[in-house]
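Data first, discussion second: the structure below is written as structure tokens.
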Amino acid sequence: MLDIQLLRKDAALVAERLAARGFAFDAARFDALEAERKTIQTRTQDAQSRRNTLSKQIGMLKGKGEDTTAVMAEVGGLGDELKQLETRLSELQAELNDFLMGIPNLPHESVAPGKDETANVEVSRWGTPRQFDFAVRDHVDLGEGLGQLDFAAAVKITGSRFSVMRGGLARLHRALAQFMLDLHTTEHGYTEVYVPYVVNAESMRGTGQLPKFEEDLFHVPRSDADRLYLIPTAEVPVTNLVRDEIVAAEALPLKFVAHTPCFRSEAGSYGRDTRGMIRQHQFDKVELVQMVRPEDSYAALEGLAAHAETVLQRLGLPYRKMALCSGDMGFSAAKTYDLEVWLPAQNTYREISSCSNFEAFQARRMQARFREGQGKPELLHTLNGSGLAVGRTLVAILENYQNADGSITVPEALRPWMGGVERLTPA
């Protein structure tokens, strides 16, 4: 959520910066709400002041033994008026809050302008794509050829965009998550957390999934007032660990890592990536989350992205780092790097991690703050990134480490988590 004081101070500048990310700020709506709020607030304060004056007058009249009937009648009328004014003021505050909830974050000054992914800026590349001396197969053919990836079974059990893995492939999937967790906890200083996979609406609002992205979420059928949601990312429960909290400054930065399944309806991606594991309703991800002082957040973003890059480097997977333009960033982000891994069968790079700094946008929604000594609480800055998406990493390994006979070489970095297995072969 944006700081409403920033809007009150310079709504035109905010509108200009939001336009850079393709968002049309409704200045007329904001001005109308603000004008009525100011009017009602002034009338409320005047009525309260008048009531206080009359209350003192009643005391003086009683002290003199004089009649207070008329004054008390006026006080009673003011009480009714105040009740109405305070009710309307509460309604206006709620309307303003809802209005603010629908506004995305402002892009950082370093973010390139642009409408979509075509304006994203390549920052760096690592690794050289392998040259194959045989016909490259995609991960679906490879997994099914191993007899260890079964989409038909998933369709029978649930429906499309799910998968079933067996044997060595299922073990490789598990090994990837364990490798990532151990790397981030032992070398990068993260604390592993286990969190609920089902969260309430307040948690979704805190990180920015609600109200804008309701259709992208799976929810548990209950009353609308008590609706629960399957998490689309561990970002939601992990970041909400600091909701309504005041963290001691000396405890910062907070760095958490969690491995969870993620659930997304993919409502806006009809017809995209319908084959295979690239875009599924359920997938595993290792998520990195940090809460830091405001002045440290952009250095933290560089570090967080580097932690995700280390996973790809240890696995020997070629990738590129992209700085997203203003129009391609997520709703809550002020700046985002995407890491895109090379997929030989598609002959292109595909997103495998998204690392973002949200500045105080999420913290303001959650009232997540820190305190320096006895000072006034300040809003934290929050960051997160995939470290990595497990399923897409598995896809990248299948395609980059495939052999002519259909077997898959297990990357050396994963072999300790695979019991020393060096190759997956057809069952």
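Every residue number used here counts from 1 along the chain in the order it is shown.
Each residue, glycine too, has its Cβ placed from N, Cα and C.
Features reported for this protein in Swiss-Prot:
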BINDING   Thr233, Ala234, Glu235, Glu287, Ser386  L-serine binding site
BINDING   Arg264, Ser265, Glu266, Glu351, Ile352, Ser353, Ser354  ATP binding site
Cβ-centroid neighbours of L-serine site Thr233, Ala234, Glu235, Glu287, Ser386, 8 Å, sequence order = Val236, Val238, Ala258, Thr260, Cys262, Lys285, Val286, Leu288, Val289, Asn384, Gly385
Have a look at the binding-site residues (Thr233, Ser265, Ser353, Ser354, Ser386) and report the one with the fewest Cβ neighbours inside 10 Å.
-> Ser265
For L-serine, with binders Thr233, Ala234, Glu235, Glu287, Ser386, what's the maximum Cα separation in whole Å?
-> 9
Using the residues the record lists for ATP (Arg264, Ser265, Glu266, Glu351, Ile352, Ser353, Ser354), what whole-number Å value is the largest Cα to Cα distance?
-> 19
Counting every protein chain shown, other Cβ atoms within 10 Å of the Cβ of Glu287 (L-serine binding site) number 29
What same-chain residues, at least 6 away in sequence, bring their CB to under 8 Å of the CB of Glu351 (ATP binding site)?
-> Asp338, Leu339, Glu340, Arg392
Just jot down the residues in the same chain as Glu266 (ATP binding site), at least 6 apart in sequence, with C-beta under 8 A of its C-beta; none if empty.
-> Arg161, Asp216, Arg279, Gln280, His281
Alpha-carbon spacing, Thr233 (L-serine binding site) to Ser354 (ATP binding site), which is rounded to whole Å = 12
DSSP output for Arg264 (ATP binding site) maps to coil
Please report how many Å separate the Cα atom of Ser354 (ATP binding site) from that of Ser386 (L-serine binding site), as a whole number.
-> 6
Cα distance, Ser386 (L-serine binding site) to Ile352 (ATP binding site), nearest Å?
-> 8
